[in-house]
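Colleague: What follows is a single structure, and I will ask about it in a moment.
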Amino acid sequence: MIDISNLVRDLSLVREKSPLIHNITNYVVMNNTANALLSIGASPVMAHSVDEVAEMTSIASALVLNIGTLDADWVKAMLIAGKTAQTKKIPVIFDPVGAGATSYRTKVCQQILEECKPSIIRGNASEIMALVNSNVKTKGVDSTSSSDSALDSAKILARETGAVVVISGQTDYITNGETTETVSNGNTLMARVTGMGCTATAIVAAFASINTDMLEAATHGMAIMGISGELAAAKSQGNGSMQVHFLDELFNLNESTLRNTLKL
Ligand SMILES: Nc1ncnc2c1ncn2[C@@H]1O[C@H](COP(=O)(O)OP(=O)(O)OP(=O)(O)O)[C@@H](O)[C@H]1O
Ligand SMILES: Cc1ncsc1CCO
Ligand SMILES: [Mg+2]
């Protein structure tokens, strides 16, 4: 169970340190992700050329690898950046977008798991199940299963890889294979905005850059997502206004809002 004063402490640390988060992420979500990182107080950079990723990762405090719109050159860049991150001892946060939808995605995921040794893996239920069982087929980037149904897979994946595994959904589960945390904040409208999961991954990375306890960092990131999403949904008429309200809620979070809204 997370200690709310540690959550408050980590939010202050992100705002104070403004850590550089290097994102190799998909075309769909680059803008939302960069804005969400700015809202939380972190400093985003998107860079994916094989000619510069090693240098960029070297000056960053965390690396996000997101395979949403992958191709061969991007995969090369992700592997270079992932290896640099290991050398520099900064955390790699992996988002296996659409794992299980095509065999290419599933194959690349296995390669990233082996060669980049992510500290945290964040996916929806379908994606986490597909990483463990290659027979699981997913529809695309949206989950077709509840987060509860992927918990066993998440624990297996955590034990096999040594990573903390996050399943997002109605309830978020965060597990290292032994201990499992839950976050029950959020709103169904979040799943109707493209890239909310990708944003969750980037926010988790911001927390992993300032807290070496990956289970706590990932839980803090998901709590901040869920709280902001829940508050934003209460002010929104649909998924358009939701995007704007979400950024504003993230930007305006304070200790009393966290204490009044957090549901574990
Ligand atoms: N039914 C729900 N109730 C509450 N919160 C939800 C619900 N579904 C998703 N969320 C929240 O929305 C965020 C995104 O999770 P989701 O599982 O939709 O990611 P995703 O499928 O990877 O999204 P994308 O691929 O579009 O980035 C998380 O913070 C999660 O907690
Ligand atoms: C819709 C979509 N397609 C590839 S990546 C992406 C963003 C949400 O994962
Ligand atoms: Mg996703």
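Using the three backbone atoms N, Cα and C, a Cβ is placed for every residue, glycine included.
Whatever TrEMBL says is automated annotation, not expert-curated.
Since the structure is predicted, the reported quantities are computational estimates derived from the model, not experimental observations.
From TrEMBL, here are the annotated features:
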- Met46, Gly195: substrate binding site (BINDING)
- Arg122, Ser168: ATP binding site (BINDING)
Colleague: Under 8 Å Cβ to Cβ from Arg122 (ATP binding site), same chain, six or more residues apart: give me those in sequence order, or none if nothing qualifies.
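Modeller: When sequence neighbours closer than 6 are ignored, Arg122 (ATP binding site) has Ile93, Phe94, Asp95, Val165, Val166, Ser168, Gly197, Ala200, Thr201, Val204, Ala218 within Cβ distance under 8 Å.
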Colleague: Of Met46, Arg122, Ser168, Gly195, listed as binding-site residues, which ones have a Cβ less than 6 Å away from ligand 2?
Modeller: Gly195
Colleague: Met46, Arg122, Ser168, Gly195: which of these binding-site residues put a Cβ within less than 6 Å of any ligand 1 atom?
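Modeller: Going through Met46, Arg122, Ser168, Gly195 in sequence order, those close to ligand 1 turn out to be Ser168, Gly195.
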